[in-house]
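Asks: The structure is given below, and queries will be raised subsequently.
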Amino acid sequence: MEDERGRERGGDAAQQKTPRPECEESRPLSVEKKQRCRLDGKETDGSKFISSNGSDFSDPVYKEIAMTNGCINRMSKEELRAKLSEFKLETRGVKDVLKKRLKNYYKKQKLMLKESSAGDSYYDYICIIDFEATCEEGNPAEFLHEIIEFPVVLLNTHTLEIEDTFQQYVRPEVNAQLSEFCIGLTGITQDQVDRADAFPQVLKKVIEWMKSKELGTKYKYCILTDGSWDMSKFLSIQCRLSRLKHPAFAKKWINIRKSYGNFYKVPRSQTKLTIMLEKLGMDYDGRPHSGLDDSKNIARIAVRMLQDGCELRINEKILGGQLMSVSSSLPVEGAPAPQMPHSRK
């Protein structure tokens with residue numbers, strides 16, 4: 001829940017030869033000379049490829065990838081969809097998304113032939129969390145947001161399937177009475193929160209559920225959110241109100257808005273949940289501002305990004321109460337095994 005009211009794997013690992021279809025389009029290089037565009041990274045006239053900075057790439061495979069990318073850049077949306085369909089890849093999305101998807105497919109195929117992948121690129125599981133919290137119309141600066149819905153969607157990164165879900169409502173204690181605006185926005189009723197446990201009890205249930213999935217022990221995992229606010233604001237405020245330290249497993253996470261913007265090269269204004277879905281050719285499924293439904297839709301975006309070749313990895317953390325970015329140059333790391341945090345003194 002961000003503070004903005006009004007997000008089949010391509011390629012066959014066993015494939016022995018990278019597909020080398022031709023693009024029918026011809027591009028004039030000069031009045032006398034024309035060059036056919038091929039998706040095998042080679043030029044039909046045998047001329048030497050030079051990188052944009054004037055020097056050769058060190059490995060021929062990167063020349064092939066660059067040539068393929070150039071051809072893809074010149075394809076129409078219909079040609080992109082036809083080529084994606086040929087390889088049984090997802091054909092929905094805006095043109096820039098389709099280009100990125102096809103480029104990553106060819107890149108993965110070519111690099112797979114060059115050398116086998118070394119090491120773990122992905123987490124075994126991603127836990128998608130999108131809190132719903134108490135709110136008032138206009139969100140006054142002094143208002144203390146309390147978590148009233150704690151959902152978790154467990155995404156298996158190997159099968160790209162939602163393996164399980166967790167959902168619990170939470171009883172607020174500072175502002176026990178929900179505003180009409182909050183009820184209308186989230187669909188959560190006063191009766192539902194009145195009958196719910198307080199946050200410490202719900203957090204304990206979440207941790208027990210995560211432990212039952214062997215997260216952080218048998219399986220490498222991390223948290224993923226739609227924006228920074230869920231972990232850096234809502235959970236942080238709630239832990240202070242409940243006199244708990246911030247849970248160690250929730251101190252680092254993937255902000256999918258940041259990952260989406262960086263991967264598809266779009267501005268932050270284009271990374272709201274509904275816009276991300278739209279650009280990927282999907283509709284929102286469920287009730288907006290239901291924490292569980294939001295989390296499921298965020299998971300759908302994560303799946304599509306993984307299919308398109310994005311390496312989702314931790315990119316934000318909270319340290320000393322401050323939100324900080326995590327450099328992509330650091331080694332991939334998972335969240336620690338979930339433990340109930342100690343009480344604050």
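Backbone N, Cα and C atoms are what each Cβ position is placed from, and that goes for glycine too.
Source: prediction; values computed, not measured.
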Asks: For the Mg(2+) 1 site, Swiss-Prot lists Asp130, Glu132; sort out which one of Asp294, Asp308 goes with them.
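Replies: Candidate in the recorded Mg(2+) 1 site: Asp294.
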Asks: Could you look at His289, His342 and say which one Swiss-Prot places alongside Glu132, Ala133 in the AMP site?
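Replies: Checking His289, His342 against Swiss-Prot: the AMP site match is His289.
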Asks: Give me the Cα-Cα distance between Asp294 (Mg(2+) 1 binding site) and Glu132 (active site, proton acceptor), rounded to a whole Å.
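Replies: Per the Cα atoms, Asp294 (Mg(2+) 1 binding site) and Glu132 (active site, proton acceptor) stand 10 Å apart.
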Asks: Measuring Cα to Cα, tell me the gap between Glu132 (active site, proton acceptor) and His289 (active site, proton acceptor) in whole angstrom.
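Replies: Given the Cα positions, Glu132 (active site, proton acceptor) is 7 Å from His289 (active site, proton acceptor).
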Asks: I need the nearest neighbour of Asp230 (Mg(2+) 2 binding site) among the recorded positions Asp130, Ala133, His289, using C-alpha distances.
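Replies: Given the candidates Asp130, Ala133, His289, the nearest one is Asp130.
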Asks: Can you tell me how far the Cα of Asp130 (Mg(2+) 1 binding site) sits from the Cα of His289 (active site, proton acceptor), in Å?
Replies: 9
Asks: Please report the Cα separation of Ala133 (AMP binding site) and His289 (active site, proton acceptor) in Å, rounded to an integer.
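Replies: If we compare the Cα positions of Ala133 (AMP binding site) and His289 (active site, proton acceptor), the gap is 10 Å.
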Asks: What's the number of neighbouring CB atoms sitting within 10 A of the CB on Asp130 (Mg(2+) 1 binding site)?
Replies: 31
